[in-house]
Amino acid sequence: MTNVTANIAKSSIFAFQKCLMTVINVIKLVYLSNAQDPQFPWQLPQSQAGGLSFSPVLKELPQQSFSPELSQMSSGSQRCVVEQHERIECGEPDITPAECEDISCCYDAGGCYYARAVTLQCTRDGQFVLVVARDATMPRISLDSIHMLENDPSGRCASVDSTASFAIYQFTVSSCGTRMKEESGFVIYENMMSSAYEVAVGPRGSISRDSSYELKFQCRYSGSAVEALVVEVNTVPPPPPVSQNGPLRVELRLASGQCSTKGCSDEHMYTSYYSEADYPVT
């Protein structure tokens with residue numbers, strides 16, 4: 001049964017990638033339940049208390065020596081290089097390294113923490129948990145400008161917590177403009193995160209050619225699995241620069257000063273020009 005579910009998941013993901021010609025990166029699937037727990041929402045779920053067995057935690061961590069090499073060895077990427085004072089705890093306190101990486105987080109001697117990326121997790125009671133790192137892109141994401149497909153006036157779609165480096169979102173799959181569809185035995189809930197980039201300021205002014213950042217994310221529910229999928233979307237390319245390097249051609253024409261009518265003005269004297277046959281002009 002597990003192999004069949006995995007094959008269905010892979011085929012549906014490949015079909016999704018083929019339909020979206022804008023996909024440039026797919027982050028690995030995250031499984032948050034086992035095959036013996038079939039409690040997944042086949043209809044739009046009502047809001048329920050709880051979600052994951054944990055919530056992202058912002059708290060003071062004990063001061064420890066930070067080793068980027070250890071983080072990279074544990075999770076194999078620069079995405080795990082997060083300063084100790086900026087880290088957000090991910091998972092239960094006794095989570096193992098394997099369990100930590102299974103939910104797309106990073107692990108080292110200090111414990112399990114969220115990566116320098118956009119991390120999506122799906123709960124069994126039908127909620128999105130989205131943790132956005134400011135340094136997930138270059139230029140950096142402007143955390144204050146993040147919004148979903150729709151923003152609820154009550155504030156349910158706003159971040160539930162944030163720091164200077166991370167913003168945390170948690171909302172039900174029936175809110176914030178989430179779209180539902182059924183495909184290959186999965187009920188799919190899809191939303192999109194949009195944000196502006198931070199405007200870089202250089203010695204000659206502001207650099208603002210990068211307009212916006214968009215990220216589609218999905219929670220896929222079947223009778224035996226929960227999957228999370230994140231898809232980065234290419235935005236409209238920026239307009240061409242006002243000026244750029246290239247050949248410069250200049251043509252110099254000398255007016256002959258001839259008038260075809262008596263008493264012509266200076267303007268009319270510039271209606272005739274010397275040709276190549278007239279040179280040299282003295």
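Quick reminder: no glycine exception, Cβ is built from N, Cα and C everywhere.
For Cys90, the disulfide partner recorded in TrEMBL among Cys100, Cys105, Cys106 is Cys105. Record source TrEMBL places Cys80 in a disulfide bond whose other cysteine, from Cys106, Cys112, is Cys106. Under the DSSP three-state reduction, Cys90 (disulfide bond) is assigned to coil, being neither helix nor strand.
When the domain 'P-type' (78-116) is classified with DSSP, helix, strand and coil residues number 12 helix, 7 strand, 20 coil.
Cys105 (disulfide bond) counts 27 other C-beta atoms within 10 Å of its own C-beta, drawing on all protein chains shown.
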